Amino acid sequence: MGRKLYYVLATLQLVAVFLFCGGFFPQKVVLKNDSKFIVNPEVQLASKPVFKKLVLVVIDALRSDFLFQKDSSDFEFLHGLLNSGEAWGYTAYSNPPTVTLPRLKGITTGSAPNFLDAILNVAEDDTSSNLKEQDSLLKQFHTHHYKMNFFGDDTWLKLFPLEFFSEYDGTNSFFVSDFEEVDFNVTRHVPYQMEHQKNWDVLILHYLGLDHIGHKGGSKSHFMPSKHREMDSVIKQIYEKIDGDTLMVVLGDHGMNDLGNHGGSSSGETSAALAFLSKRLKKYQSSDIQQSSNVPVEDAHPDYKYLKEVEQIDIVPTLSMLFNLPIPKNSMGVIIDELLQLLPSKLAAIKVQDNYLQLTKLKPGYEAQLEKKSAGTLLEEMREIQSSLAMAATNYNYTFLTYGTTLMIIGTLIVTVWNFQLSQEYIEHVGTSVLLGISMFASSFIEEEHQIWWWITISVLLLMQISNGKKLVVLSGLRLIRGWNNSGQKYIYDNVLHTLLKSHTSVLWWLNVVTFLSVGFPFLRNKDESEKMVSLLSVSFLALSSITYKICFAIVNGDKVPSGLYTFALRSCAMYLANENATESDISQCLVPIARIFFQICGVSIIILLFMKYALNKSTNMLNKLLSVIKFVLLLQTSSANIPLFLIFEILTSVTPDITPIFSLCLQNLTFFQFGGTNSIATVNLTNAYNGVSSNYNIYVVGVLMFLSNYAPSIYWALSLIPQSYKQKTLRLQHYYITGTCLMIACIALRYHLFIWSVFSPKLCYYAAWSLYNVVMDFAITLLGVL
């Protein structure tokens, strides 16, 4: 295939993918204008709200067990309120995608999330999700002259006009390395707000630290208990200052999985905590389940369902009822029935009827009937309507879907005909592509795609023309890779190598040191003394700076490191800070500078290598040295427990230096999954996306670092094909054309499937990411091949 046709087809694939995504993830159509009271508006307008003030405390990623289960919760003060009846607790189901932006939309508008919001969630300067023109709980508060103050996650300030707030102070939501200052910047406002309660009617606090701890160390991080106690003390500080006319609501916007990530649809991610706090509640009856329970609950539930379960969007009509506001027009929520007790019976009946008529307007053709229906009957009917609305919350753009799919089919036919040949390599490529394409029609195969890649990789290895001894070595290496991490979304195994090494830190860290040194070996192969000296200095600085950073990073995150490496890191930081008495608490100050020094050394090393080749005509092992610099970057962007996998990679490449394109394709995909990646947004790793980034968030820098950290193993194996012929490139392009075509057809055919948003949509996003990855790697391989 000619070069021009290759680039035309590569461009056509990207255009087709983004056209299809544009049709599959359109902006949701919403009802315009603000809502008004529907049933007996004169009675409702004349009624007084149950509460005069609201304190809304959002603790990001507060999973239900963090509040209600004994082994996972340290909210001692809140537990006391739950047991005394002054607090009513619920497990609030948060619809996927379980990331902050769509969940905040859900708890303020009551509407179902748009999957596109999960992507926009990482765009710091995005304004397309603004709710200025959409009816919401905050807009109703503003319209009815409630004074609102806000402190916390600045996502709120992107969603709502600043004129909604009398006072506000936003904190950055994506600098996940920080889980102390980000919460202190919220709590420091609390004393003043409590002393000047006349200055506000609604106080919103959004804490991010717990979520950041989850991203860094998982749901069982040893930082969790202290963070729980910190949040509990904030709740106590506020609750003891407010009176009976103030309602306090504590909730999580979503939960998290055991790895501390979120975005998917697992029980841990969708089960958020919710609690209503007021001294008045003691006079009424909480849910039957709460009355028969003692909080914290002894037994741990694998589905994270504690106390009574409600929909998270039910908060919207419930708060609207308690503050006598019209329910936002697009709300799909249903009033939480226990809280109806706080209203006079006649007014409570009116509020339920109002909720019923408002909800039925969202379902075209539904005949609303109020006559002779009790409040209980209406609530039950509303929950059925709510369920059906959630299933049909998206309007697809079929024109874009058709164009995107048609372009993919045309591209697939062209690249298949052009590449056609009766060779083993071609048959292996087509067989792999067809097998993966068929799997796109089954949600379980998408969730467990790593199983398919494992089977294909082993099959391709057995067909390779290498000695049995080499096959045995490669097979052993692949088995170690296979058993290193938990992969997929369905099963979690306790005895994986990743977990075992974490409990044997000395073995882990000395393997890490050996891995860093092995990556630098190409620098030691030189022809003359001057080249040898420059190479030795380069590899020394690269290895020392990267190892030092990873050790410091581990110490700051509370991970154990061998005493010798601990002392080395402490002395390194003492030298940098010019402070001989530096302690462990000072190490965090060195993280950003050390990472930046490392990246600067990488840049200088590349410049020196290019200078020596083109100016001094000294280019011994030039390509491998450039690849070594890239590998050092990949190691820095990899979690400490996964770094030894690169040592296995180095062994495999030395055993099979001439890797075939199909085997490289298999390894790119297999290692992506075996590093812990999946087809769920929940496993997008942000931990290393901030290496060298200060609190001045830069989405482009973070985006590149996030790309490197999530695709590090795949990048390694893609770079194994230098130089790469256009025949090899087109075979890879053919694979992604075939699988992409099947995925698009599957998404259209299964657009009303139960798992369309939790399985197929994330897979489509990952496919788009893989398409971009291929373009980037193609450019990088071409550039390195020229050098």
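Here, residue 1 is simply the first one shown, and the rest follow in order.
Placement of Cβ uses the backbone N, Cα and C atoms for every residue, glycine included.
Look at Swiss-Prot and you will find Asn33 (among others) tagged as N-linked glycosylation site, backed by sequence analysis. All protein chains shown were included, and the count of other CB atoms within 10 Å of the CB of Asn33 (N-linked glycosylation site) stands at 9.
Long-range Cβ contacts of Asn185 (N-linked glycosylation site) within its own chain (separation 6+, distance under 8 Å): Phe151, Asp169, Thr171. According to Swiss-Prot, the feature N-linked glycosylation site maps to Asn185 (among others).
Other Cβ atoms within 10 Å of the Cβ of Asn397 (N-linked glycosylation site), summed over all protein chains shown, number 17. Here Swiss-Prot flags Asn397 (among others) as N-linked glycosylation site, drawing on sequence analysis.
Cβ atoms under 8 Å from those of the transmembrane segment (400-420) belong to residues 1, 5, 9, 12-13, 15-24, 426, 430, 727, 730-731, 733-734, 737-738, 740-741, 744-745, 748 of the same chain, restricted to positions at least 6 beyond its ends. What Swiss-Prot records for 400-420 (among others) is transmembrane segment.
Residues 416, 419-420, 452, 456, 460, 463, 490, 661-662, 665-666, 679, 731, 734-735, 738-739, 741-743, 746, 749-750, 753, 755, 759-760, 763 of the same chain lie 6+ residues outside the transmembrane segment (426-446) yet bring a C-beta within less than 8 angstroms of a C-beta in it. Under the heading transmembrane segment, Swiss-Prot lists 426-446 (among others).
The feature transmembrane segment is assigned by Swiss-Prot to 455-475 (among others), with sequence analysis given as support. Away from its own ends, the transmembrane segment (455-475) comes close to residues 424, 428, 432, 435, 651-652, 655-656, 660, 662-663, 666-667, 670 of its chain (Cβ-Cβ under 8 Å, at least six residues beyond either end).
Long-range neighbours of Asn485 (N-linked glycosylation site) (same chain, six or more residues apart, CB within less than 8 Å of its CB): Val496, Leu497, His498, Asn642, Gln674, Phe675, Gly676. According to its DSSP assignment, Asn485 (N-linked glycosylation site) is coil. What Swiss-Prot lists as N-linked glycosylation site is Asn485 (among others), and the listing cites sequence analysis.
The transmembrane segment annotation in Swiss-Prot covers 504-524 (among others).
The transmembrane segment annotation in Swiss-Prot covers 536-556 (among others).
A C-beta separation below 8 Å, combined with a sequence spacing of at least six in one chain, links Asn581 (N-linked glycosylation site) to Ala574. Among the features that Swiss-Prot reports, N-linked glycosylation site is placed at Asn581 (among others), with the record citing sequence analysis.
A Cβ distance under 8 Å defines the sequence-distant neighbours of the transmembrane segment (591-611), meaning residues of its chain 6+ beyond its ends; these are 177, 534, 538, 541-542, 545-546, 548-549, 552-553, 556, 572, 576, 622, 625-626, 629, 632-633, 636, 691-694, 787. According to Swiss-Prot, the feature transmembrane segment maps to 591-611 (among others).
Within its own chain, Asn617 (N-linked glycosylation site) has no residue 6 or more apart in sequence whose C-beta sits under 8 angstroms from its own. According to its DSSP assignment, Asn617 (N-linked glycosylation site) is coil. The N-linked glycosylation site annotation in Swiss-Prot covers Asn617 (among others).
The annotation transmembrane segment is assigned in Swiss-Prot to 629-651 (among others) on the grounds of sequence analysis.
Cβ neighbour count for Asn669 (N-linked glycosylation site) (all protein chains, 10 Å cutoff from its Cβ): 25. Feature annotation from Swiss-Prot assigns N-linked glycosylation site to Asn669 (among others); the stated evidence is sequence analysis.
The feature transmembrane segment is assigned by Swiss-Prot to 671-693 (among others).
The annotation transmembrane segment is assigned in Swiss-Prot to 699-719 (among others) on the grounds of sequence analysis. Panel annotation: around the transmembrane segment (699-719), residues 122-125, 174, 627, 630-631, 633-635, 637-638, 645-646, 649, 659, 664, 667-669, 671-672, 674-675, 677, 684-693, 773, 776-777, 780-781, 784 of the same chain, lying at least six beyond its termini, place a Cβ under 8 Å from a Cβ of the stretch.
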Exercise for the section: Could you give the residue numbers and ranges of same-chain residues that sit at least 6 residues beyond the transmembrane segment (536-556) on either side and whose C-beta is under 8 angstroms from one of its C-beta atoms? Expected result: 509, 512-513, 516-517, 520, 523-524, 565-566, 568-569, 572-573, 584, 587-588, 590-591, 594-595, 597-598, 601-602, 605, 608, 628-629, 632, 635-636, 640, 643, 691
Exercise for the section: Could you tell me what the rest of the chain brings near the transmembrane segment (767-787), counting residues at least six beyond its ends with Cβ under 8 Å? Expected result: 10, 13-14, 17-18, 21, 610, 613, 622-623, 626-627, 707, 711, 714-715, 718-719, 721-724, 729, 732-733, 736, 739-740, 743
Completion exercise
Sequence-distant contacts of the transmembrane segment (740-760), meaning Cβ under 8 Å and at least 6 residues beyond its ends, amount to 13, 16-17, 20, 24, 96-97, 115, 264-265, 391-392, 396, 401, 404-405, 408-409, 412, 436-438, 440-441, 443, 446-447, 679, 767, 771
Practice task
Could you tell me what the rest of the chain brings near the transmembrane segment (629-651), counting residues at least six beyond its ends with Cβ under 8 Å?
Solution key: 473, 477, 480-481, 484-485, 498, 501-502, 508-509, 511-512, 514-516, 518-520, 542-543, 546, 549-550, 553-554, 559, 595, 598-599, 602, 605-606, 609, 671, 674-676, 685, 687-688, 691, 705, 708-709, 712-713, 715-717, 719
Exercise for the section: With a Cβ cut-off under 8 Å, give me the same-chain residues at least six positions beyond the ends of the transmembrane segment (671-693) that come close to it. Expected result: 97-99, 118, 174-177, 215-216, 257, 259, 261-264, 266, 269, 446-447, 449-450, 453, 481-482, 484-489, 549, 553, 592, 595-596, 598-599, 636-639, 642, 645, 649, 701-702, 705-706, 708-714, 716-717, 759, 762-763, 765-766
Handout entry: Asn33 (N-linked glycosylation site) and Asn669 (N-linked glycosylation site), distance between Cα atoms, whole Å
Key = 48
Handout entry: Separation of alpha carbons, Asn33 (N-linked glycosylation site) and Asn397 (N-linked glycosylation site) (Å)
Key = 24
